[in-house]
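Undergrad: What follows is a single structure, and I will ask about it in a moment.
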Amino acid sequence: MATAVRNTDCLHARSSDALLICEHCDTVYRRRPLARGEVARCVRCGAELDRHRALSVNALLALILTAMIVFVQANIWPIFTLGLNGQFSATTLWGMIVTMWEQGAQVVAVLAAGTLFFFPMTKMMVMGWLLWFARMGRRAPGFAPLMVALHRIGPWTMSEVFVLGALVAIVKAHTYFEVVADPGIYAYGALTLLITIFAGVDMRQLWEQTPEPKP
Amino acid sequence: MSALPRAVDLGLIGCRMCGLVCRNVAGNAKLDGDGVGDAMACPRCGSTLRRRKTNSYARTWALLIAGFILYIPANVLPIMRTASLNDVDDNTIISGVVELWTNGSVDLAIIVFLASIVVPMLKFLSLGMLLVSSQRGSDWARPQRARLYRLVEFIGYWSMLDVFVVALLTALVRFNVLSRVEPLPGVIFFGLTVVLTMLASMSFDPRLIWDGRNTDD
Ligand SMILES: [Zn+2]
Ligand SMILES: [Zn+2]
């Protein structure tokens, strides 16, 4: 648990790295180093305040590069194939998006393109770019706006929901068709695993880990 | 005031984008952050600093009600059509769940039921309750309400499940006259409901739960 700040503490600076504010209830805490695996929780509301950073910048970068490779695979290979009386039908993610557009569900096509392709891709590319420079101890060009953009697109990536959706679709189709799993579904499975690891990483640590540029 | 001071009381603001703790130099920013002329930028990331999310109550209500209105056609209208040689069948969200259940996939039927029915309903009820209780400044079950909000935020996007199922089946079941799947308007309404409820839970400011008349614990 981080220590709560007393009313009497003098806070003269315009901003402070030593303090932490709970985003869920506005309680102010004094930051303190955390032990391995430790998570600091807000005493008032129970929300997570801070957690030990188990992964170094190098490890994060390696994970991001892996995720990018897996993401490309997940997008170029068919997800699964259906067979009926010797006819076969397969689709990739983009095949699915284009079909929805042509079938009059443009809203769904746009939602799928955003949450399954553009936002995850942007997120990974931005993270890779920021981490690449952080590794060299610098802030990447465009650091501040990119960090803000990363924070904004965070909730709009849905690859893990898509994997569960594919599973449901396979089971539904299985009643009427022959179903063959294709490489795309395995790539998506691996991607979900990587996303789960990333879920615990707060990229905002880069604000503290990289030096402020001299004005 | 107890040993847990809040940023509002100390004249501090946490940047919602980068987390930096800043001094509220303007000092007179209104509680819901829509005061004019007191916009202060975060010295680190440049985002506008606000004590509370802008117009949180009005925005959350509007998005929640809009989401609820669209949720009605999403459930009443069919979400997809399965057509084969001698049979055309329109499926709603509920009939999809029933079909999974009767075909023996009880576990998946439960997952789809949770994602498509329980999660949206939980969002409407929870956010509605959080809005009403916070607007009245109630100090009832604050820690539980805070936890409920975090739950709603965490599980909200899983409702997109059925939309992806319909999209995948549409793209795959294309055997000309033998067997085809087409999306129907229900799925569009459902996708929009999910987006609107996600926006609603993002617009709600959980700090409002603790802003009531008695901030002491
Ligand atoms: Zn808190
Ligand atoms: Zn900031």
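Here the Cβ of each residue, glycine as well, is placed from N, Cα and C on the backbone.
Dumping what TrEMBL says about this protein:
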- B:60-80: transmembrane segment (TRANSMEM)
- B:108-133: transmembrane segment (TRANSMEM)
- B:154-175: transmembrane segment (TRANSMEM)
- B:187-204: transmembrane segment (TRANSMEM)
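On this model, are these features tucked inside or out on the surface, and what's nearby?
TA: With a threshold of 8 Å between CB atoms, the same-chain residues lying at least 6 positions outside the transmembrane segment (B:60-80) that come near it are 90-94, 96, 120, 123-124, 127-128, 131, 162, 166, 169-170, 181-187, 189-190, 192-193, 196-197, 199-201, 203-204.
Residues of the same chain lying 6 or more positions beyond the ends of the transmembrane segment (B:187-204) and with a Cβ under 8 Å from any Cβ of it are 53, 56, 59-60, 63-64, 66-68, 70-71, 73-75, 77, 79-80, 93, 116, 120, 123-124, 127, 130-131, 149, 152-153, 156-157, 159-160, 162-163, 166.
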Undergrad: I need to check the long-range neighbours of the transmembrane segment (B:154-175): which residues 6 or more away from its ends have a CB within less than 8 Å of a CB in the stretch?
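TA: 79-80, 82, 93, 96, 111-112, 114-116, 119-120, 122-123, 181-183, 187, 190-191, 193-194, 197-198, 201.
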